[in-house]
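Trainee: The structure is given below, and queries will be raised subsequently.
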There are 2 protein chains.
Amino acid sequence: MKKIHVVDTTLRDGSHAIGHSFSVEDVTKIAQGLDASGVELIEISHGDGINGSSYNYGFMKSSEMELLKAASKVIRNAKLTVLLLPGIGTVEDLKYVHEHCGVTAVRVATHVSEADISKQHIEAAKELGMTAVGFLMLAHMSTPSEIAEQAKLMESYGADYINIADSAGHLLPENVSEIIKTVCSAVSIPVGFHAHNNLALAMGNTLAAIEAGATYVDGTLCGLGAGAGNTQLEVLAGVLDLKGLDSGLDFYGLMDVAKDVVTPIMKRPQIIDEDSLMVGYAGVYSSFFLHVKRAAEKFQLESRDILVELGKRKMVGGQEDMIIDVAYQLSQKK
Amino acid sequence: MKKIHVVDTTLRDGSHAIGHSFSVEDVTKIAQGLDASGVELIEISHGDGINGSSYNYGFMKSSEMELLKAASKVIRNAKLTVLLLPGIGTVEDLKYVHEHCGVTAVRVATHVSEADISKQHIEAAKELGMTAVGFLMLAHMSTPSEIAEQAKLMESYGADYINIADSAGHLLPENVSEIIKTVCSAVSIPVGFHAHNNLALAMGNTLAAIEAGATYVDGTLCGLGAGAGNTQLEVLAGVLDLKGLDSGLDFYGLMDVAKDVVTPIMKRPQIIDEDSLMVGYAGVYSSFFLHVKRAAEKFQLESRDILVELGKRKMVGGQEDMIIDVAYQLSQKK
């Protein structure tokens, strides 16, 4: 029976969906439930990775250090994992959480074309004896062969596996399949996949990734996550079971944590509304929204038309100041 | 460019999700929006098909006749469609709505192994000059070749296309693919697919059906429907566009109706909770729930264990009285 390794990111990607307000008590209960239910990696960080708590990305209610320490007390089998975006998190942060908070794995995340900035962090993690994952975000912005080249870089730095992230929820199953196959052929380490549900395809794409050779997949309880959320973990446990794949997950156990602990914390249901649908359709960063809405008002345009244009131009985080130019150009065309 | 025909069932399957409480005003606005956005068939009926309004299946707030007449006044291009389950709806009902309510198409729905009871209704529809669709429910309960035999029966009665329904939301993409391919090879009329989202696979399965040869697909605005709901129509419009398929749908128009008209009517968000997940996982009728919960209390069992056992025994609607036997047997094993 094919083994599928399941990574939970409720306490990291899910953090976006509740304004980074997880308490020590929430984290203790959720981490304990995930660990008892057979999840292999439990990722806990600010939504934008370790040290993300800031004016720019939103402040956390409780510090990452507190949350990680609380989780480390209750985790018996899983690897306590952080996400680290080079530039936001540093090698020093990584050393600190490894030494003081029981963190044993790190996923080093870069834009899909910028694997080279992960070198020092992956190498540092391996020197510390940690599991190190190369995590490539916004995969829809590169071709499969370009992604494979970036994955090879991360492999050369010592990554234990490569995780491909459809951060905007823009990919279709056939795209996922082609990317995963190409990356699997290029590297000799395992390959994983992180889905978003903006086009209602989180589960479909996760299965397409597995069919194409991925052996690590991400999920979150109740699908809690940025935009339309992630692959719903407790549903994934049932689906993998029906497919005859060995995930080692306790289906009922995960359902119980989802219902009893996560559902009461949620600020809104994890549905696909116009905003998250348009992010997925256009293939843009969800952090563009506020800027786009302001620009739309200023130039009497529809937000969605601006989003589509930004997607066409493959705008990435950091280019927010160009949104107003795009809106101006669209208004001139009108 | 491959043409995909899109059928909306917000005002039929979606009726389950709001306790059959659509008003004439709701139906007018929704039908108008769907028609203006290029939907080809607009299905309006009680959730259990025409004449379903009853103590057994739940009473409707407004009569089907009123709702159909209201829709018929505003529809310009779409075919006004009813669902008909032989035994609940009759040939007389069909004649009535055709003559008095502007109904031009009917989907005659039977259990997946009982196509033979659709004969008189499909034939009557064709005699009336209507479009007639053979609709096979709970497709996960038969093998692909058995389903193909039933589809051939419906074709022989005069059906214009065959619609395969994953009523419990239990199928995986590979199952859908195999069923649709087998049915497409067996009949010379088009084949369609109706998904439910209990395993978060409504969209993934709909795309698998299209890849396998289906040219008609069902959706509902906001995913409104029984259990975890159906394929979310406005999202489907975006996805078909990204796939380069011609659906004739106005993506923005559908988003607007979803947000402005359907969202305010909804009684609860269309998420996957434990109940709908267990229906999908076990592959049983959602109407079993109340009986199962009672039996679980009586024998101090978990509802989900009873559901799984009912699924294994392939229980269908009408066998509700056997739930107590199953629960008794499970309690003896314990």
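Positions of Cβ are set from backbone N, Cα and C atoms, glycine also.
Whatever TrEMBL says is automated annotation, not expert-curated.
What TrEMBL shows for this protein is this:
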- A:His16: active site, proton acceptor (ACT_SITE)
- A:Arg12, A:Asp13, A:Ser167, A:His194, A:Tyr285: substrate binding site (BINDING)
- A:Asp13, A:His194, A:His196: Mn(2+) binding site (BINDING)
- A:4-255: domain 'Pyruvate carboxyltransferase' (DOMAIN)
- A:Arg12: site 'Transition state stabilizer' (SITE)
Trainee: Could you please provide the mean pLDDT value for the domain 'Pyruvate carboxyltransferase' (A:4-255)?
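Mentor: It averages 97.
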Trainee: Can you tell me how many other Cβ atoms are located within 10 Å of the Cβ belonging to A:Tyr285 (substrate binding site)?
Mentor: 22
Trainee: Which secondary structure state does DSSP assign to A:His196 (Mn(2+) binding site), in the simple three-class scheme?
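Mentor: Assignment for A:His196 (Mn(2+) binding site) reads coil.
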Trainee: Taking the Cβ of A:Arg12 (substrate binding site) as the centre, count every other Cβ atom within 10 Å, in any protein chain shown.
Mentor: 28
Trainee: Within 10 angstroms of the C-beta of A:Ser167 (substrate binding site), what count of other C-beta atoms is obtained when all protein chains are considered?
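Mentor: For A:Ser167 (substrate binding site), the count of other Cβ atoms within 10 Å is 29.
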Trainee: Which residues of the same chain, at least 6 positions away in sequence, have a Cβ lying under 8 Å from the Cβ of A:His196 (Mn(2+) binding site)?
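Mentor: In sequence order, the residues whose Cβ lies under 8 Å from that of A:His196 (Mn(2+) binding site) (at least 6 apart) are A:Asp166, A:Ser167, A:Ala168, A:Gly169, A:Ala202, A:Gly225, A:Ala226, A:Gly227, A:Ala228, A:Gly229, A:Asn230, A:Gly280.
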Trainee: What is the total of other Cβ atoms whose distance to the Cβ of the residue listed as 'active site, proton acceptor' is within 10 Å?
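Mentor: Its Cβ has 21 other Cβ atoms within 10 Å.
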Trainee: Where does A:Asp13 (substrate binding site) sit in DSSP terms: helix, strand, or coil?
Mentor: helix
Trainee: Distance between the residue listed as 'active site, proton acceptor' and A:His194 (substrate binding site) at the Cα atoms, whole Å?
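Mentor: Pair distance, Cα basis, whole Å: 15 Å.
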Trainee: Please list residues from the chain of A:Asp13 (substrate binding site) whose Cβ is under 8 angstroms from its Cβ, counting only those at least six apart in sequence.
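Mentor: In sequence order, A:Glu43, A:Gly47, A:His194, A:Asp218, A:Thr220, A:Leu224, A:Gly225, A:Ala226, A:Asn230 meet the Cβ cut-off.
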Trainee: Once A:Asp13, A:His194, A:His196 are set aside, which residues in the chain still have Cβ within 8 Å of the Cβ centroid of the Mn(2+) site?
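Mentor: For the Mn(2+) site the neighbour list reads A:Thr9, A:Ala165, A:Asp166, A:Ser167, A:Gly169, A:Ala195, A:Ala202, A:Asp218, A:Thr220, A:Gly225, A:Ala226, A:Asn230, A:Thr231.
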